[in-house]
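Trainee: One structure, as structure tokens, below. Some questions next.
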Amino acid sequence: MAIAGGPRGRLLVVPLLVAAAVVLASSPARAFYLPGVAPRDFQKDDDLQVKVNKLSSIKTQLPYDYYFLDYCKPDAIKNSAENLGEVLRGDRIENSVYNFKMRRDESCKVVCRPKLSPEAAKNFKEKIDDEYRVNMILDNLPVVVPRQTREGSQAPGFEHGYRVGYKLKDDKYYINNHLSFKVLYHEDLNSPEARIVGFHVIPSSIKHEYGDWDAKNPIVQTCNANTKITPGSHTPQEVAPDAYVVFSYDVTFEASEIIWASRWDVYLLSSDSQIHWFSIINSLMIVLFLSGMIAMIMMRTLYKDIANYNQLDNQEEAQEETGWKLVHGDAFRPPVHSGLLCVYVGTGVQFFGMTVVTMMFALLGFLSPANRGGLMTAMVLLWVFMGVLAGYTSSRLYKMFKGNEWKKITLKTAFMFPGIIFGVFFVLNALIWGEKSSGAVPFGTMFALVLLWFGISVPLVFVGSFLGFKQPAIEDPVKTNKIPRQIPEQAWYLQPAFSILAGGILPFGAVFIELFFILTSIWLNQFYYIFGFLFIVFVILLVTCAEITIVLCYFQLCSEDYHWWWRAYLTAGSSALYLFAYAIFYFFNKLEITKLVSGILYFGYMLIISYAFFVLTGTIGFYACFWFVRKIYASVKID
């Protein structure tokens, strides 16, 4: 979709996007779902291959390859095509021994009978203790386990993946070795083809009985082609060293009214829409409160100040005045560590650009859960290509500060933030690798990330920096005095530490309810898809950061403190401290992580997220204050 250029066309974009976000937020999943893959039609007896994904647990947060446990293996294990996002998420999609024929039911099909070695039995017990779940995929649909719904609830409930096994009060471990699959399909009335719209499984533990074992034609007495196994109807299969475990499965096909475009609804079904709307209303109240303060400052106090200053007849009257006009000769004095500020502002613009474009793609449905790994892939690639904005912004700001070492600033912009993130990520990846988890990023992928960084991002930062430094310097609306003005003693509530920490409360308050759902999707293996709500909350965050920074900046200038550059950045950026504090609260109240490595991983990744949030919100606050200060000093007559 192309949008007409020109000022008028650009002005139409914002209300259109906001209107679209409201529609998307209030509509069910099917209204916005654009599939990540094309639909596939199957005729009767067509081959269907179940693929296996990782073993996952919300207790350890360490994914493992399916074949880490001694499950039945096909003759040759083949990895499916993976994108960068899938690798970073720890997904390992491989073929399996579970092969169906479309619309052909099968009962009690035996696939293999491995003998558990002491090491294999130990691994099974550990994974059962840590409540690991097995994830499978059929035609791009993850397997789900139906669960009992709450009383009064109309919608069916599902759990993602099935448990490896369970432990009873007798301290014995039992493995789910029999799987009862149900495949839902939607028929095309005009052709013999059908599309798969559901993939369910009910796991069971069965100690199969058999006579002489024939590997080519295995037969068990526990069940046959005419029986259907139900959980608890047989003696369970215990996990023990040197025990033989027979793996088997049933599969039934059932016609469904669900259409292909709506097949992901059961995965995305949410009963929390009212909570999301409460989050939006809560955030809007904060914005309205701040907007009222801004209106009061702009329309009454500030307008009156400008009118009074412009009516002064002589310099003596001006000297008697107090307030923000007195520091006009110092308001645009370059701050200490101005180069570092330029680096962080440039990085923030890069992050902001990546966030906005990613959210646009997500709103349009291109990054839906069906497109596995698409969201993370898009974020990484967009971050790389947005390097040109980082270089351009940091160099233009640096030139305004009368800096000459633009190459040095460019290098810092290209390496500081990504270097810190990559360093923390490398340490965390080493810990994951030490646990033999499939979540560890392979060396080849790590090399690809470095190649993207050095081969594309860094050159683009230099290109942007070169273009930015070639532009004419941004001119200050007033001249800067040669001798800095002495700053009077400040009231306790205007001290930097207090005002910075106070400024971060409201931006965090505007997003913390939605933050709960985001953390739940990350750490509790849930799908996050409500990008309409997320877009609205993001806009509210942007407005809140801008408004609180402007309010506190005005109070600071009125108290004749002109060191506003870093204060503006840190005021909005301090919301990241509250985000990390909330992450600590979430860890102790919502998660069941007990392992040290898992705890380090959680806080390591939350530290990365908080750091990125600091850069993003700090840059928003800085530019809001930058615009405000330039606006007010350009509005008064300066002799």
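Every residue, even glycine, has its Cβ placed from backbone N, Cα and C.
The following feature annotations were taken from TrEMBL:
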- 1-31: signal peptide (SIGNAL)
- 277-299: transmembrane segment (TRANSMEM)
- 341-367: transmembrane segment (TRANSMEM)
- 373-393: transmembrane segment (TRANSMEM)
- 414-434: transmembrane segment (TRANSMEM)
- 446-469: transmembrane segment (TRANSMEM)
- 490-523: transmembrane segment (TRANSMEM)
- 529-555: transmembrane segment (TRANSMEM)
- 567-588: transmembrane segment (TRANSMEM)
- 600-629: transmembrane segment (TRANSMEM)
Trainee: Within the same chain, where does the transmembrane segment (490-523) have neighbours whose Cβ lies under 8 angstroms from its own Cβ atoms, ignoring anything closer than 6 residues to its ends? I mean 6 or more beyond.
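Mentor: Contacts with the transmembrane segment (490-523): 58, 61, 272, 275-276, 278-279, 282-283, 286-287, 290, 530, 533-534, 537, 540-541, 544-545, 548-549, 552, 555-556, 559, 561, 567, 570-579, 582-583, 586, 590-591, 602, 617, 621.
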Trainee: Does the chain bring the transmembrane segment (600-629) near the transmembrane segment (414-434), so that three or more CB pairs sit under 8 Å (pairs 6 or more apart in sequence)?
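Mentor: Since 3 or more Cβ pairs under 8 Å link them, the transmembrane segment (600-629) and the transmembrane segment (414-434) do come into contact.
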Trainee: I'm a bit unsure how to read this: which one of 341-367, 373-393, 446-469, 567-588 has the highest number of Cβ pairs shorter than 8 Å with the transmembrane segment (414-434)?
Mentor: 446-469
Trainee: Relative to the transmembrane segment (341-367), which of 373-393, 446-469, 567-588 accounts for the most Cβ pairs at distances under 8 Å?
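Mentor: Between the candidates 373-393, 446-469, 567-588, the best contact partner of the transmembrane segment (341-367) is 373-393.
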Trainee: May I ask for the residues of the chain that lie six or more residues beyond the transmembrane segment (373-393) and have a Cβ under 8 Å from a Cβ within it?
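Mentor: Same-chain contacts beyond the ends: 36, 82-89, 91, 345-347, 349-351, 353-354, 357-358, 361-362, 366-367, 410, 413-414, 449, 452-453, 456-458, 460-468.
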